[in-house]
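What follows is a single structure, written as structure tokens, with notes after it.
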Amino acid sequence: MRRDRLLVAVTLVTLLAADIHFVLLPRLKAWYHLPRESCACRVTNGSLENGGATTVPWTTNQNFTVVSTERGSKLERLFRHPLYNISLPELVPDEQLLQEEELMNYCKRKVSRWERMKKFYIEAAAASNITILDHPVTFDPEASWLQFHLGINRYALYSRDDSSVDRLLRDMQTATVISADFTQDEKALKGACDCSQVVKPSGLHLKLALKLQDFGKAMFKPMRQKRHEETPENFFYFVDFQRHNAEIAAFHLDRVLDFRRVPPVAGRFINVTGEILYITHNEELRSVFFNSPANNTCFFAKCLYVCKSEYAVCGHPDLLEGSMSAYLPGLSIAPRISIPNPWMRAYSFTGREEWEVNALYCDNVKKLYPYNSGNRLLNIIDMAIFDFLTGNMDRHHYEIFTKFGDDGFLLHLDNARGFGRHSDDEMSILAPLTQCCMIKRSTLFRLKLLVKSEYRLSDVMRESLSRDPLSPVLTEDHLQALDRRLGHVLRTVGKCVKKLGEPQVVIRDFVESSRVTTSLPGGNNR
């Protein structure tokens, strides 16, 4: 009798446990992840009546972990906000950087030339008993990099809903590398090309130009510093290491701020033997490879400075992580000019520039072309805010596309010296803002949005960066520094408003949606 009761009890307990595990727990989990409050908000902007994008663009890794809250992804909510869905005026041909027929003809000529040169080099290498891997080029007019180039216009490098950026990030992570070479600035240092218009002498960081199988091109910057390492406090900014993860993080920050002035950047592991040494057509690049005492494959740069084997980068034993930055269209088809930054620093141990000693320096800048009209000075201030958030003190020049003239946007290139010290906020980077006391209303509104808990800058950056294959891209200390520095920017604007009044400080942006012409809240169009 007791045995029967025990058997019945065990059976009941088993059934109860199964019911809890397979029925009750799934329901509890589903209930827990439901939003605690519904949002009856309805976007009223004419350009958003169809709901806007409901998925986050630029998804680069299908196996990522999305950082979310009880109410869902903060990044998705940010990109659905009306401030991120204001449509641009309809573009006319002159406002697009390139026309499709022009670009396709240019690229086809480049591919033909590449095929001829590759055949010649492979024959020459074979005569010297050197084996070069021969990867065929698969030129596709719909390739992501071509669509990215076609999408560049006078307002930004890409539109908010440009799907080619998403594809380009994936391609840079996975596409077959068919060639490796030094970048143009390293060639310029050695006198191998005339690149004086857009490059500056460097040498402190090794960069390679990698050609992909679809004939796309990316700049590879290898890892030189671990994520937790800070720049030593006694280092000058111009001798600091350049960090591959800073390039990746800068791209994500640029799109979170809705500037869209940094070319797409993705992280990738490169096999330095199979994807650089065995496929390069450059004998000089092949000559700088060696095996370390730990039997790792290493290489270093040949340049004017810091070009010794002890400054080499090494795989483990062959794999090396780095950043892949998409190339912009070639200078022969899309000319750019490099312009000295008015707030350039003195690249010496003792020198100081005028802006560092003259509090009224901005008054002089405002009298000079092209800062005496248009948006150029406001764009400089945008760039200063961007650099302050990343901690980049090395913005000595900026570049613009010549086609767009004075009305074009500034390119935020070469961001690898950012995110060096999370424990220090270099307030001098904000000099254009503190001295000029001007800021675009659209920029200010987005910055104020990113302070709110539901859109907090560190949270949306953490989520955005989690989609990169090299995640975690930034340490938690660097993410928290973004919030702290954002607070500094807004307090600086507040001091300017208190001193001069909002109309003098906050400059209204003219915007045009697809259905209505309006201005950002706060006054008349400008």
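Keep in mind that glycine also has a Cβ here, set from the backbone N, Cα and C atoms.
Here TrEMBL flags Asp394 as active site.
With a 10 A radius on its CB, Glu399 (ATP binding site) counts 18 other CB atoms from all the protein chains. The ATP binding site feature in TrEMBL is assigned to Lys221, Ser325, Ala326, Tyr327, Leu328, Glu399, Asp414.
Counting every protein chain shown, the number of other Cβ atoms lying within 10 Å of the Cβ of Asp414 (ATP binding site) is 27. Taken from TrEMBL, the feature Mn(2+) binding site applies to Asp414.
If you look up TrEMBL, you'll see 289-505 marked as domain 'FAM20 C-terminal'. When pLDDT is averaged over the domain 'FAM20 C-terminal' (289-505), the result is 92.
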Whole number in angstrom, please: the longest C-alpha to C-alpha distance across Lys221, Ser325, Ala326, Tyr327, Leu328, Glu399, Asp414 for ATP.
20
Do you know offhand how many angstrom separate Leu328 (ATP binding site) and Asp394 (active site) by C-alpha?
21
Rounded to a whole number, how many Å is the Cα of Asp394 (active site) away from the Cα of Lys221 (ATP binding site)?
17
Using a 10 Å cut-off, grab the number of neighbouring Cβ atoms around the Cβ of Ser325 (ATP binding site), all chains included.
27
Among the binding-site residues listed here, Ala326, Leu328, which has the most company in the form of other Cβ atoms within 10 Å of its Cβ?
Ala326
